[in-house]
Amino acid sequence: MILANAFCLFFFLDETLRSLASPSSLQGPELHGWRPPVDCVRANELCAAESNCSSRYRTLRQCLAGRDRNTMLANKECQAALEVLQESPLYDCLCKRGMKKELQCLQIYWSIHLGLTEGEEFYEASPYEPVTSRLSDIFRLASILSGTGADPAVSAKSNHCLDAAKACNLNDNCKKLRSSYISICNREISSTERCNRRKCHKALRQFFDRVPSEYTYRMLFCSCQDQACAERRRQTILPSCSYEDKEKPNCLELRSLCRTDHLCRSRLADFHTNCRASYRTLTSCPADNYQACLGSYAGMIGFDMTPNYVDSSPSSIVVSPWCSCRGSGNMEEECEKFLRDFTENPCLRNAIQAFGNGTDVNVSPKNPPFQATQAPRVEKTPSLPDDLSDSTSLGTSVITTCTSVQEQGLKANNSKELSMCFTELTTNIIPGSKKVIKLNSGLSRARPTAAFTVLPLLMLKLAL
């Protein structure tokens with residue numbers, strides 16, 4: 001009887017462990033349906049070539065037309081279409097800043113993802129590919145041209161924003177596009193209409209999308225020692241036309257207006273992804289990446305959410321969109337939170353100061369991991385090709401860093417030295433996907449092997 005019970009127990013454990021060790025058990029929700037990332041235009045082409053995907057995509061677009069999410073999901077046909085598309089390349093697709101079909105790509109992206117969100121989210125995921133490069137070379141150029149490290153007396157008298165404008169005039173493309181937006185934004189329409197804001201915004205977008213950041217960043221983020229320099233910096237985007245208005249709208253209403261336009265919505269989501277203050281990093285920026293934040297900020301110029309410096313103070317950096325929280329009612333707390341992401345954002349402030357000082361931070365791994373864009377996926381460089389480079393999967397690594405702001409050449413917001421020692425644990429993220437492989441998943445797959453080791457001891461005990 002004992003041997004019979006032992007045999008039954010062995011058979012049960014054997015079947016259980018086989019099922020745990022089988023390949024299907026390892027696919028889980030994290031690995032199920034993984035696909036190499038593609039841009040949304042290409043993903044749409046792949047979907048169109050498959051009859052099931054194509055028909056479901058048409059159904060979903062009809063479901064989203066004029067309906068909210070709850071109404072859409074109440075329809076079984078709409079829900080089935082959404083479930084099918086979550087397994088298609090459309091679900092994981094992203095876009096590139098400056099690509100030829102950027103607007104078409106973003107329209108495809110939001111046609112899927114607007115059906116996945118419950119109501120209006122405060123932070124939306126960025127539809128753009130994450131920035132993994134750094135601004136070190138541009139920082140060094142800014143340091144040389146701004147006079148950092150030169151004679152302090154000479155540097156103090158320099159107007160770095162004026163120097164940036166002169167450098168732009170030495171580049172044909174920069175000079176042409178800058179002259180274009182200055183002319184358009186200064187052109188008065190009538191005594192009651194100071195300019196054509198729509199054309200002004202379009203000219204500004206062309207300037208910041210087509211001119212290398214080597215020139216545009218120097219004009220936007222130049223460091224200043226006096227008010228004249230700071231005023232020139234504030235006037236870079238011709239704020240009387242592109243920024244200011246007779247009255248300040250409510251910030252939440254301005255956000256809602258922005259989100260009706262796919263481009264504006266995408267740039268705002270990208271800003272939140274890359275400039276949202278993080279208190280787990282040295283610089284307060286996600287992944288300590290200044291370039292991503294500065295590129296996202298510049299990417300919003302030329303839209304309804306255009307930000308700018310609020311005054312001509314050379315000693316403080318405060319930026320904001322042209323809006324206020326008056327008339328917010330019971331939404332005032334949310335409005336203030338939205339506005340503080342601009343006016344009191346330590347990541348953005350540190351990034352602007354670092355660029356003006358010509359310093360960068362080097363605490364990240366050589367190949368920074370892609371961020372899962374669940375909370376607020378940007379390339380600012382206009383010279384990027386339209387085709388996508390192959391992404392490489394990233395392993396788990398532990399980076400232990402003990403450093404200080406002064407050691408990194410950064411200027412803290414106050415006079416006290418900010419020192420911190422931290423351990424950053426990165427996780428494996430499937431390239432181009434929002435799905436994260438949990439670290440403990442590897443441990444769970446190792447457990448069946450350990451169970452086989454214990455099994456003989458258990459059988460011996462039952463036999464005795």
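Using N, Cα and C of the backbone, Cβ positions are placed for all residues, glycine too.
Taken from TrEMBL as is:
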| type | residues | note |
| --- | --- | --- |
| COMPBIAS | 363-374 | compositional bias 'Polar residues' |
| COMPBIAS | 381-392 | compositional bias 'Low complexity' |
| DISULFID | Cys47-Cys53 | disulfide bond |
| DISULFID | Cys161-Cys222 | disulfide bond |
| DISULFID | Cys168-Cys174 | disulfide bond |
| DISULFID | Cys185-Cys200 | disulfide bond |
| DISULFID | Cys195-Cys241 | disulfide bond |
| DISULFID | Cys224-Cys229 | disulfide bond |
| DISULFID | Cys251-Cys323 | disulfide bond |
| DISULFID | Cys258-Cys264 | disulfide bond |
| DISULFID | Cys275-Cys293 | disulfide bond |
| DISULFID | Cys285-Cys347 | disulfide bond |
| DISULFID | Cys325-Cys335 | disulfide bond |
| DOMAIN | 40-117 | domain 'GDNF/GAS1' |
| DOMAIN | 161-241 | domain 'GDNF/GAS1' |
| DOMAIN | 251-347 | domain 'GDNF/GAS1' |
| CARBOHYD | Asn357 | N-linked glycosylation site |
| CARBOHYD | Asn413 | N-linked glycosylation site |
| REGION | 363-392 | region 'Disordered' |
Spatial separation of Cys241 (disulfide bond) from Asn357 (N-linked glycosylation site) - C-alpha basis, Å: 30
Confidence summary (mean pLDDT) of the domain 'GDNF/GAS1' (161-241): 94
Top Cα neighbour of Cys258 (disulfide bond) in the set of disulfide-bonded residues Cys161, Cys200, Cys251: Cys251
Within the domain 'GDNF/GAS1' (161-241), residues counted as helix, strand or coil by DSSP: 59 helix, 0 strand, 22 coil
Pairwise Cα distance for Cys161 (disulfide bond)/Cys224 (disulfide bond) [Å, integer]: 7
All-chain count of other Cβ atoms within 10 Å of Cys195 (disulfide bond): 17
Whole-number Å value for how far Cys335 (disulfide bond) lies from Cys53 (disulfide bond) (Cα to Cα): 40
Euclidean distance between Cα atoms of Cys168 (disulfide bond) and Cys224 (disulfide bond), Å: 18
Cys222 (disulfide bond) versus Cys168 (disulfide bond) - Cα distance in angstrom: 13
Rounded to the nearest Å - Cα separation of Cys323 (disulfide bond) and Cys47 (disulfide bond): 41
Other CB atoms within 10 A, centred on Cys241 (disulfide bond): 22
Disulfide-bonded residues: Cys168, Cys325 - member with fewest neighbouring CB atoms within 10 Å: Cys325
Least buried by Cβ count (within 10 Å) of the disulfide-bonded residues Cys224, Cys229: Cys229
Euclidean distance between Cα atoms of Cys185 (disulfide bond) and Cys275 (disulfide bond), Å: 28
Cα-to-Cα gap, Cys185 (disulfide bond) vs Cys241 (disulfide bond), nearest whole Å: 6
Within the domain 'GDNF/GAS1' (40-117), residues counted as helix, strand or coil by DSSP: 54 helix, 2 strand, 22 coil
